[in-house]
Amino acid sequence: QVTGHLDDCTCDVETIDAFNNYKLFPRLNELLQSDYFRYYKVNLKKPCPFWNDNSHCGIRDCAVKPCPSDKVPDGIRSGSYKYSEEANSLAEECEEAKRLGAVDGSLSEETQQAVLQWTRHDDSSDSFCEADDIYSPDAEYVDLLLNPERYTGYKGPDAWKIWNSIYEENCFKPHNVKRPLASGRGESFIYLPTWFSSVCVEKRAFYKLISGLHASINIHLSARYLLQDTWSEKKWGPNVTEFQQRFDEVLTRGEGPRRLKNLYFLYLIELRALSKVLPFFERPGFQLYTGNKSQDVEVKNLLLEILHLAKSFPLHFDENSFFAGNKKEAAKLKEEFRLHFKNISKIMDCVGCFKCRLWGKLQTQGLGTALKILFSENLIEKIPESGPSYGFQLTRQEIVALFNAFGRL
């Protein structure tokens, strides 16, 4: 039932399936196994900013195992983006100095300037996400391969409250439209064709992005469901009944296939961002630094291969239809768009299950990074071939989130 043309796009489901399954996904999967992309720094202890949340999931499978710091590659921990003997010989002194709160002396002058620019840039109004403070003592590295996204048993009113809050407060819904969400089944959202056809393409797109993200998370939970939980073993696998409850056309009153199409829409938006960000990664000075020089070169080559492949996709989403009208109105709408999305990224700190919170934060940051790229096209075009890229910058966190979020789709 999920076939053919996608609304608001020139693309169809079959073209995406063929391109993704045979060309892109095998390479992307290989990239995400590498050290640079498997370690993500996250603060899972941030308090929920919207309501008093004491409902932490007590289920064992909700827990996230952080990495002991000696297991994280030195290059990632030290955050030094330079390959130089001087930097490497200073790494040990650096670790000691860091413990004493001193400044990292191994950063070259150029890198220090770049770091200042990044900090300024991260505080700037281009960000679509409430990013974690990765220097907080509560921020820890997590190995994403050891903490896969899967069903943990976290459900019911707490999970429902999260999605309800996202849809009710952040999806540009007119206030006079009631859309009951049944408590306990956080996705029984009633689709409103009359409302939907009357709103502008940007607001429609925003809703479809959130719906696509919701669909993606639900598919992963159904695909890696806890099928057996005994003292001797745990078994995860596909739960077809769970999948049907969320996506079957009859059971969802026609809504399920539409949710799945929104997943394809989200895929197209993130694919478009990857095709646009190529100049940032192509610069010779850009390194995916882990400290293992030969591996880092290999991973960068693979990354560029994926980005060139993304660029070659024949039926890209045309984001020029976004914010194309009256300049003043467009600027206001873009700001609204950004603030709504930022709000959703903050809601992720209210998710009671830590594993769900980890993947929720990572995927919202990935989508936020994709939006930042699409709205920074003119800055990306001006990036100089050498030296720091002041106008447009991505942190390691954003890079890891962008590719891992796309990997989920």
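Yeah, the Cβs are placed from backbone N, Cα and C, and that goes for glycine too.
Remember, TrEMBL labels are computer predictions, not curated facts.
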Disulphide pairing with Cys353 per TrEMBL - partner from Cys200, Cys356:
Cys356
May I ask which of the recorded positions Cys62, Cys129, Trp163 is closest to Cys356 (active site) if we compare their C-alpha atoms?
Cys62
Which one is closest to Cys353 (active site, nucleophile) in space, judged by CA to CA distance, out of the recorded positions Cys129, Thr152, Trp163, Ser211, Arg246?
Thr152
Taking every protein chain shown into account, which of the binding-site residues Thr152, Ser211 has the largest tally of Cβ atoms within 10 Å of its Cβ?
Ser211
When a 10 Å sphere is centred on the Cβ of Cys62 (disulfide bond), how many other Cβ atoms does it contain?
18
